[in-house]
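Trainee: Starting off with a structure, shown below.
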């Protein structure tokens, strides 16, 4: 089964949430692959799939990378390379799928970040026909960003399988506490859990144990996320 992971913005803990999802599904007996269609701004040997690998030791895959830390279409343009096509990425993601496997496809930034000039992660998810999980920030402003992302995804015909909070502070302020209570109300979708700040520094064993707790309400069967 293929699940896309997007966010309400950048630097909100999306990669660590993706790793937690990978750890969750592997603990329930699934073969897991984490796929990154486009990576920007990281040198060889670094980047999101390497973070996921270090935290989970699951299989990872990356399709293309560009040198500058920019939106992928801008990074490709500045690197003077041919931009990837939507159909290429759709085919690549589908080829990773297999029975008894969960393929987690982590986007770049938010839902409508341009992976090339003429398409976004939302377009790939729609063509593949896969649900999305939205990683949301939790502080002031997050309710607006989460609702905008969920509503736009649904307007495009995508199934939003839930929210997961990224980078939960150890001592959340009042806005964060209230936002966690309100997220399900304003978006109409389930908040499956929140991943704490600092989780990305854990070793594989501690991260696996943590993921079982952080995402304890998330169903063990990924197909149950699809109505």
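Please read every residue number as a count from 1 along the shown chain.
Cβ coordinates are placed from backbone N, Cα and C, and glycine is handled just like the others.
Bear in mind that TrEMBL entries carry predicted annotations, made automatically and left uncurated.
According to TrEMBL:
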BINDING   11-16, 48, 106-109, 166-167, 196-198  ATP binding site
BINDING   15, 48, 106  Mg(2+) binding site
ACT_SITE  36  active site
BINDING   40  substrate binding site
Trainee: Around the Cβ of residue 15 (ATP binding site), how many other Cβ atoms lie within 10 Å? Please give the count over every shown protein chain.
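Mentor: Summing over all protein chains shown, residue 15 (ATP binding site) has 24 other Cβ atoms within 10 Å.
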Trainee: Give me the CA-CA distance between residue 109 (ATP binding site) and the residue listed as 'substrate binding site', in Å, as a whole number.
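Mentor: Residue 109 (ATP binding site) and the residue listed as 'substrate binding site' have their Cα atoms 11 Å apart.
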Trainee: Work out how many Å separate the residue listed as 'substrate binding site' and residue 11 (ATP binding site) at their Cα atoms, rounded off.
Mentor: 13
Trainee: Sort out the sequence-distant neighbours of residue 36 (active site) for me: same chain, 6+ apart, CB within less than 8 Å of its CB, listed by position.
Mentor: 47, 48, 49, 60, 61, 62, 63, 105, 106
Trainee: Here are the binding-site residues: 11, 48, 106. Which has the lowest count of other Cβ atoms within 10 Å?
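Mentor: Counting other Cβ atoms within 10 Å of each of the binding-site residues 11, 48, 106, the minimum falls on 11.
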Trainee: Determine which residues of this chain, when 15, 48, 106 are set aside, have a Cβ within 8 Å of the centroid of the Mg(2+) site's Cβ atoms, and list them as they appear in the sequence.
Mentor: 5, 14, 18, 19, 34, 36, 47, 49, 51, 52
